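Take a look at the structure below.
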Amino acid sequence: MMANYFRSTFKFRKTTVSTLFVLTVLVISILTWFDANKYKSNLPDDKSSNSLLDAAWHDLQVITEKPHPYTSHFNDNVHDYLLQRVEQISKKSKFIEVSDDSANGVSKLFQHLDVFNDSSTETRLVYYESSNILVKVEGKSPQLPGLLLSAHFDSVPTGYGATDDGKGVVSLLALLQYYSENQPERTIVFNFNNNEEFGLLGATIFTYSEWFKLVSYVINLEGAGAGSKAALFRTSDTATALLYEKSVKDQPFGNSIYQQGFYSRFVSSETDYKIYELNGLRGWDIAFYKPRDMYHTGKDTVQHTSKAALWHMLNIAWQLSKYVVADQTTASQEILDDESNSSPAIYFDIISKWFFVVSARQLYVWNIVLLCVLPITLILLRIVCNKLGTWRMPTSALFTRIPFALFVSSFTIYFTKELLLQLNPTIWSRNFILPFLFCISEFLLINTLVLALFEYLWPIQDFKTLSLLELSAIAWLFLLKCTWDLSSSGFKATGVYPVTVFYLFISLASMFGLCSMCFGKRPNATNDYDNSEFMRPDTNDTHSIECPRQPEDSETTETSPLINTPSSSVQSSPIASSKSLPGAVQYLQRTLNYDWSAQYLLAVPINAFLIWESLFNLFDALSMTVQESNKATEAVFKFAIYGAIFLCSPLLPFTTKLNRFVVIILGVVTILAASFSLFAAPYTELAPLKLRFVQRIDISRETKQNVEIYGRAGANIQEVLSSLPSRPNVSCKDSGSGTELCVYEGMWPNFGIPMKVDVVKNTHNDKEHFEYEPYFADLRINVADNRLCLMKFNTTGKKHLKQVEFKVGNETTTHSYRTDEGIDSLLLHKLSWNVPYYDVQLKWIPQYTAEGSSDTLGVSIDCYWGEFDETIVNGQVVQKIPAYNELLQFLPETFIVSNRESGMVTIHKYLEL
């Protein structure tokens with residue numbers, strides 16, 4: 001009885017397959033939710049950790065009281081508070097030394113690489129006055145290569161910087177507290193750096209420090225979102241990834257798909273890690289990455305994050321740094337020195353519990369082995385099945401059903417993508433799960449209907465094994481392409497590992513099906529091809545049909561039917577012939593009637609979970625970028641379509657066994673998800689549209705000012721801005737790539753026009769100037785209460801400017817830079833708010849061509865102010881930038897504002913010398 005119950009329960013039938021499918025979906029959903037929320041309940045329970053966390057949380061509240069960009073006065077307050085905390089922590093430790101760049105007058109003029117554009121040929125000069133706070137914790141073994149811990153304490157003008165990068169900064173304070181009481185083996189240098197947001201300058205200036213020579217490794221803490229979990233964005237190589245794996249046992253989180261985004265420049269932004277990497281350090285870039293709708297806005301506050309998120313970053317940095325500098329210095333150094341670990345790493349976590357690392361070079365070797373061994377094995381098994389006569393499917397069945405179903409379903413979701421692009425392209429920024437679920441359910445539904453129709457009209461012996469073989473062949477081609485990409489990219493295509501896993505498990509499932517077929521019931525010697533065995537679409541077994549038995553004395557006569565029916569004698573002949581087989585073979589035949597379950601478990605759950613987790617993390621990071629450009633939108637849609645196909649493909653061999661209830665549910669889910677995706681409002685209070693603000697004052701000829709708002713086209717920005725209380729006259733125009741620029745005359749800032757440019761001398765107008773003699777011009781840029789100005793040259797021709805000299809205020813030091821390649825721009829910073837001007841001397845050489853000489857130098861000067869808080873004018877408290885405050889107060893809740901440039905207000909002056 002139990003045997004019959006077992007057979008009836010676990011046969012390859014619709015109820016069983018449907019139940020297993022539903023269980024797979026439920027388990028993956030539960031694991032995903034658990035993974036996304038587990039960190040919230042993972043706060044420390046020991047006293048020392050709680051003490052560090054509480055202190056860090058208090059520090060975070062203090063430094064995020066106001067926005068604090070480099071161009072703000074409150075930036076100095078944050079610097080002073082951090083310096084006071086650092087000195088308080090380190091005063092009792094004899095092995096700690098503190099250095100303040102601001103007090104030491106650290107400044108530098110240097111040519112700055114364009115880290116956002118590797119192909120740039122511009123000569124960009126930067127003069128930077130630093131206020132970094134450096135702390136050296138001397139190690140017990142100072143001869144060992146040291147570790148740098150880095151985070152930046154500046155914010156953007158519109159953000160309070162709780163996550164970007166307040167949590168990184170206070171995590172460093174907590175780690176400093178720990179290492180002040182527990183001297184490490186390696187030397188640690190802490191870099192609390194300033195002005196990361198607009199040029200990564202705090203990290204750059206540190207590379208000129210003597211303490212930079214002490215370190216070989218870096219842990220950079222960053223915030224590219226507004227909370228949740230801190231991900232391992234990227235790491236230098238397999239050795240550093242292995243150290244993360246060995247050290248971070250509590251809540252590891254990261255995926256090398258993110259790393260490939262940086263390698264390929266798909267991710268256009270950068271962090272301080274890039275500067276350290278370019279200067280020879282190896283290490284880890286650990287960052288918050290979501291939600292981007294709060295990133296660089298007024299919602300990047302303590303109120304919109306949590307202690308749990310702070311603890312996640314602090315705990316990871318603590319575990320990793322302890323392993324490297326204290327607990328396992330010898331073991332870690334052996335791993336770091338191992339040349340076999342020098343290639344880029346492929347890594348990923350499983351539900352923040354297990355972390356897996358493999359060398360990209362090693363994966364390349366494995367791919368080649370799999371590409372060679374698995375197809376040969378499958379071909380040999382196929383030949384064996386032919387020899388044994390157990391393969392009884394016509395050749396015409398090969399590469400027809402699955403390719404046709406994939407074509408129809410792919411065409412359908414491509415049409416859906418185009419429809420969604422037209423009607424609601426930015427719905428992903430509100431909720432990426434439902435649009436993606438729409439793609440998944442639609443793809444599955446179309447394939448189920450098409451393949452079920454095939455099976456009804458043209459049933460075959462073992463559709464699932466045939467389909468798995470076809471999928472294996474298709475996956476082989478994709479793996480070949482990925483392996484080529486892995487090699488041609490210098491092993492930097494670190495996001496291709498899901499294709500390897502997919503091909504491996506699909507091939508194993510195919511292999512199992514062929515092995516089962518080898519032990520299947522063979523046809524009667526007198527009837528080599530008994531089509532009736534597999535012509536019923538509702539068959540419950542894999543290779544044979546359970547049919548009513550004929551009486552044993554039944555014989556074939558002249559009146560027997562020409563085509564056997566289920567009650568004909570030939571149907572019983574395999575059963576009769578099987579009695580002559582050995583008992584072990586008969587047992588295998590009975591057991592392998594349930595081979596479908598092994599094939600399902602090999603092909604579906606592991607692939608589905610790994611692919612879903614990768615896609616979920618990818619959409620989590622990228623879904624809100626649809627607001628930024630058409631390119632980003634196209635990328636998200638591409639990931640959705642290819643991701644849905646990739647995710648659902650392992651299930652296709654089993655879709656013909658999904659019962660009508662599952663099919664109905666798929667249909668309902670498709671309709672509901674489609675309705676939401678096509679018609680729901682893309683922006684809400686919890687998922688607002690981000691607008692980018694700058695107020696530009698032009699004093700080139702007549703003084704005029706405009707507010708410029710950049711945002712996603714098609715979001716009724718003009719209508720919303722026109723309804724502001726000031727009733728501005730708004731004009732909008734396309735700014736390219738799916739965005740628009742809206743301009744209107746806003747309310748004037750309440751700090752006057754604190755910029756004036758005087759041309760003190762210009763030899764271009766000197767009548768005694770010789771024809772081939774260089775020109776000189778002396779400028780004085782008067783800027784009160786300012787820290788940042790940008791000069792751009794050659795705006796009327798080629799690179800004429802060859803030399804620049806300048807002084808900051810009345811200081812005696814002259815800074816000079818000369819290059820025959822020409823200078824494109826000069827970025828000037830000064831820490832003192834009381835220094836009223838820059839004196840700049842420019843030297844340029846006229847260009848002589850057949851058409852004549854070109855000797856005019858164009859100079860564009862922009863100075864930035866980054867504060868929008870209150871000020872006192874004529875005894876009254878007023879807003880510094882009322883145009884911005886009007887937006888904050890009166891924009892609908894579905895909009896949020898970020899900065900467009902380095903300051904909230906830009907004053908512009910153009911000269912021709």
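Glycine is no exception: its Cβ is also placed from the backbone N, Cα and C atoms.
The topological domain 'Cytoplasmic' annotation in Swiss-Prot covers 1-15 (among others) and rests on similarity to another entry.
Sequence-distant contacts (6 or more apart, same chain, Cβ under 8 Å) of H152 (Zn(2+) 1 binding site) comprise D165, G168, V169, F192, N193, N194, N195, E196, E197, G202, A203, E222, D272. In the three-state DSSP reading, H152 (Zn(2+) 1 binding site) counts as strand. The Zn(2+) 1 binding site annotation in Swiss-Prot covers H152, D164, E222, and the record cites similarity to another entry as its basis.
Under DSSP, H296 (Zn(2+) 2 binding site) is assigned to coil, being neither helix nor strand in the three-state scheme. Around the Cβ of H296 (Zn(2+) 2 binding site), the number of neighbouring Cβ atoms within 10 Å comes to 24. The Zn(2+) 2 binding site annotation in Swiss-Prot covers D164, E197, H296, and the record cites similarity to another entry as its basis.
In the shown protein chains, 27 other C-beta atoms lie within 10 A of the C-beta of E196 (active site, proton acceptor). In the three-state DSSP scheme, E196 (active site, proton acceptor) is classed as coil. Annotated active site, proton acceptor per Swiss-Prot: E196, in sequence order, evidence recorded as similarity to another entry.
Y295 (site 'Transition state stabilizer'): 23 other CB atoms within 10 A of its CB, across all protein chains. What Swiss-Prot lists as site 'Transition state stabilizer' is Y295, and the listing cites similarity to another entry.
Among the features that Swiss-Prot reports, topological domain 'Cytoplasmic' is placed at 386-394 (among others), with the record citing similarity to another entry.
Sequence annotations record features per position, and here Swiss-Prot assigns topological domain 'Cytoplasmic' to 453-465 (among others) based on similarity to another entry.
The annotation topological domain 'Cytoplasmic' is assigned in Swiss-Prot to 516-600 (among others) on the grounds of similarity to another entry.
Marked as compositional bias 'Basic and acidic residues' by Swiss-Prot: 540-552.
Among the features that Swiss-Prot reports, region 'Disordered' is placed at 540-578.
Per Swiss-Prot, the feature compositional bias 'Polar residues' maps to 557-566.
Look at Swiss-Prot and you will find 567-578 tagged as compositional bias 'Low complexity'.
Across the topological domain 'Cytoplasmic' (656-660), mean pLDDT in this model comes to 91. The topological domain 'Cytoplasmic' annotation in Swiss-Prot covers 656-660 (among others) and rests on similarity to another entry.
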Other same-chain residues whose Cβ falls within 8 Å of the Cβ centroid of D164, E197, H296, the recorded Zn(2+) 2 site, in sequence order: S155, V156, G159, G161, D165, G223, Y295, D300
Same-chain residues at least 6 beyond the ends of the topological domain 'Cytoplasmic' (656-660) whose Cβ lies under 8 Å from its Cβ atoms: 12-18, 21, 448, 451-452, 455, 463, 537, 666
Residue pair Y295 (site 'Transition state stabilizer'), D164 (Zn(2+) 1 binding site) - Cα distance, angstrom, rounded: 8
Remaining residues near the recorded Zn(2+) 1 site, that is with C-beta within 8 Å of the centroid of the site residues H152, D164, E222: A151, G161, D165, G168, E196, E197, L221, G223, A224, T271, D272, A287
Number of helical, extended and coil residues in the topological domain 'Cytoplasmic' (656-660), per DSSP: 3 helix, 0 strand, 2 coil
Neighbour count (Cβ, 10 Å) for E222 (Zn(2+) 1 binding site): 26
Secondary structure composition of the topological domain 'Cytoplasmic' (453-465) [DSSP: H/G/I, E/B, coil]: 8 helix, 0 strand, 5 coil
Whole-number Å value for how far D164 (Zn(2+) 1 binding site) lies from H296 (Zn(2+) 2 binding site) (Cα to Cα): 8
Other C-beta atoms that fall within 10 angstroms of the C-beta of E197 (Zn(2+) 2 binding site): 24
